[in-house]
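Per TrEMBL, the features are as follows:
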DOMAIN    39-354  domain 'Aminotransferase class I/classII large'
MOD_RES   Lys224  N6-(pyridoxal phosphate)lysine
Amino acid sequence: MTDLLTATMARVVRADIQGLHAYAVQPSAGFVKVDTMENPHPLPPALQQALGERLGRVAIHRYPAERGDDLKAALAAHAGLPAGCSLMLGNGSDELITLLSMACALPGAVFMSPLPSFVMYGLSAALQGVRFEGVPLTADFELNEAAMLAAIDQHRPALLYLACPNNPTGNLWDEAVIDRIVDAMARHQGLVVIDEAYQPFAARDAMHRLGRQPHVLVMRTMSKFGLAGVRIGYLMGASALIAEIDKLRPPFNISVLNAEAALFALAHADEYARQAVLIREQRERLFRALQDMPGVHPWASQANMVLARVPDAAATFAGMKARGVLIKNVSALHPLLANCLRITVGTPDEVTLTLAALRASL
Ligand code: PMP
């Protein structure tokens, strides 16, 4: 049996897939979980109960239909989608990245992003057999404009991902530099995907580009807003372009329960906005405390995480884990991230615990 399985897999599964590693999630039960940029605040009990009652009335014996359309309309209103543009839903923005990659995976195509950035850009290119070109950021994680423009001229990427703010660095790149990169992509007739996963915590967004720059797509997620478990991402752009990418979407990719929960959350957007304010306050507290720690160098963040360099990231990560605090050691992701740790902003109590564990582990 095992021999048959091995032989069959070797014959039918693409060799390049067999050589890849799956997206890894570290086990987190029992830890202060500050590793994956979740919103640490649950809904207040009264809202939890109201949500439960609403979910209890959902017609789960039917395929999803109208609620997906209702959710698209509610998200379009929430984001301020301009005329001539449309919005499509993904099972998290991860699925949208996959669909974009599938849509643009022409033979010889190149996808690009600055590095370090969100790992799924490169991984989803690899999954489609598309060449991925990463362009290193500067040592302070700013866009290297000259290198980006040269790489765009050289490779004419079909897709360029710009995470604004960026993960895992947390910073928001200079808007004038982004403008020039967006213009260069227009000259080469390539698409720019502005990934605004962390927009709820940032001082600016890219919605003004929609309707004006037809080769720009803006991608968002409800994950960092407070619904990481619900899996709703959305992609916005010129209607004709969204219609093409939407053809690749699996039918019924958004569960009726997910759509209902997301509609509920949007109806209570004020509660989530309050939580985002708290998170931004705690981000500044975390950043300042990190600045005051000898040997620690944090970078200013516009997201709900702070990246910091420490003398020995592996030892500090292990020490914090032993003290019950789970962060992310991103050192191995890219040479520029040597000895860097990414710390998600928790509740005020979680930030206190995180800082104490960090001080004890340095
Ligand atoms: N984009 C960026 C920049 C991210 O950091 C993440 C998740 N960490 C995602 C997209 C994916 O988010 P989701 O699939 O939860 O919508």
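Positions of Cβ are set from backbone N, Cα and C atoms, glycine also.
Predicted automatically and left uncurated, TrEMBL annotations should be read as such.
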Find the average pLDDT over the domain 'Aminotransferase class I/classII large' (39-354) in the predicted model and report it.
97
Compile a sequence-ordered list of residues in the same chain as the residue listed as 'N6-(pyridoxal phosphate)lysine', six or more apart from it, whose Cβ lies below 8 A from its Cβ; state 'none' when nothing qualifies.
Met37, Glu38, Asn39, Ala197, Tyr198, Pro200, Phe201, Ala303, Asn304
